[in-house]
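Participant: If you scroll down you'll find the structure; I have some questions about it.
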Amino acid sequence: MPILAPLGPSPLSEVFTYSNLPSPVEMATGKDYRHSKAGILSKLPPSIKPYAELLRIHRPLGYYLNISPYVVGVAYTAAIAPVSLPATVLLNRLIILSLWGFLIRSGGCAWNDLIDMDIDRQVSRTKLRPLPRGAISPTSAALLTAIIFGCGGLLLLLLPSQCTVEAGIILFFALLYPFGKRFSDYPQLILVNIAWAIPMAMSSLEVDPLDFPYSTLSMCIFIASVIVMIDVVYACQDAEEDKKIGARSMAVRYSDITDQLAYGFFFSGAISLLLGGVLRGLGLPFIVFSVGGHIFGFLRFLSVTLGEGTKSASVESRAKSSCLLATVFWVLGFFLEYLARS
């Protein structure tokens, strides 16, 4: 069977579909789609492009959000560890955990699209994704998903055994996420599993997260708050169409107070980050750069994005630049603390 076979109904989508779906806004077909002539997708062979789209390699925001917590986790652990950690070990863990975050993001996108295929056909922003438009068969997508998660499992062999437990928690919630919108108004809260990157990074460096329970918890709340804040703002783009097809989310449930909700998560993140460092004795470099950079980057993101309206096409680009800027400042503050203690 050709790998790019035309789609029939997906067994997964038949089981996990809404019973009250209206007629599609416009059913997606391959002829509706034109590949972008710019960006990374334009440089790939035509046979590879649908798979690259499935993994969202042209949408780096998700990769930032999945990889940056591991980067922060390594930097934070270096700054608070009871003994000075060698730079070579830190670099090794940074590379392995970044690859793990990349694979979890990639596999999660493919899995999400497998489960949401029929729903994606109803939403204008997603109806031309590779699975809904028939560019990839469900079987091929499922096989690719399994291979990606398998590669992630192989990476765990390079880390201490405790990391396998933490990786299992992260993977479980990643697989659960696409079902959240069917059963709850709070699917974004499932994304807090990404915050488990902090204890996983600590364990990878053989620093027990339970030795510092309050600071570790604060850092997890910090990461979770940032992830949910960005996802709530981003989800507002689809809120109206989600209402029509019965999809549930915090953006739908709290559509009248999205601004207040987003700012609430922003302040939660800033306070938790501050506590996570102060409880471990981090000082001025951390407060000025890590906390100050967080406030500057994401306060600007919210003021501009919510000011323009959450349906603005610039939401993703604003989130991407803010996340990248904030990550640089987070790591810089921790790195300066690490140097001061070395």
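Cβ coordinates are placed from backbone N, Cα and C, and glycine is handled just like the others.
Grabbed the feature section from Swiss-Prot, which reads as follows:
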- 71-91: transmembrane segment (TRANSMEM)
- 95-115: transmembrane segment (TRANSMEM)
- 141-161: transmembrane segment (TRANSMEM)
- 163-183: transmembrane segment (TRANSMEM)
- 187-207: transmembrane segment (TRANSMEM)
- 216-236: transmembrane segment (TRANSMEM)
- 261-278: transmembrane segment (TRANSMEM)
- 282-304: transmembrane segment (TRANSMEM)
- 319-339: transmembrane segment (TRANSMEM)
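Looking at the shown structure, can you explain where the listed features end up?
Facilitator: With a threshold of 8 Å between CB atoms, the same-chain residues lying at least 6 positions outside the transmembrane segment (95-115) that come near it are 10, 12-13, 16, 54-57, 62-63, 65-67, 69-71, 73-74, 129-131, 138, 141-142, 144-145, 148-149, 151-152, 155-156, 158-159, 167, 170-171, 174-175, 177-179, 197, 200-201, 204.
Counting only same-chain residues 6+ beyond the ends of the transmembrane segment (141-161), those with a CB under 8 A from a CB of the stretch are 51, 54-55, 93, 96, 99-100, 103-104, 106-107, 110-111, 113-114, 130-131, 167, 171, 203-204, 206.
Packing against the transmembrane segment (187-207) from elsewhere in the chain are residues 65-66, 69-70, 72-74, 76-78, 80-82, 85, 89-90, 93, 96-97, 101, 159-160, 162-163, 166-167, 169-170, 172-174, 176-177, 180-181, 216, 219-224, 227-228, 231-232, 235, 248-250: each is 6 or more residues past its ends and has a CB under 8 Å from a CB in it.
Below 8 angstroms of C-beta separation, residues 79-80, 226, 229, 233, 259, 262-263, 266, 269-270, 273-274, 314, 318-319, 322-323, 325-326, 328-330, 332-334, 336-337, 340 of the same chain, each at least six residues beyond the ends of the transmembrane segment (282-304), sit close to that stretch.
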Participant: Checking distant contacts: for the transmembrane segment (261-278), what same-chain residues at least six beyond its ends satisfy Cβ-Cβ under 8 A?
Facilitator: 76, 79, 214-216, 218-219, 221-223, 225-226, 228-229, 232-233, 250, 254, 286-287, 290-291, 294-295, 298-299, 302, 306, 330, 333, 337
Participant: Who are the long-range neighbours of the transmembrane segment (71-91) in its own chain, taking Cβ under 8 Å and residues 6 or more past its ends?
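Facilitator: Contacts of the transmembrane segment (71-91) (Cβ under 8 Å, skipping residues fewer than 6 from its ends): 97-98, 197-202, 204-205, 207, 212, 215, 219, 223, 276-277, 280-282, 286, 327, 330-331, 334-335, 337-338, 341-342.
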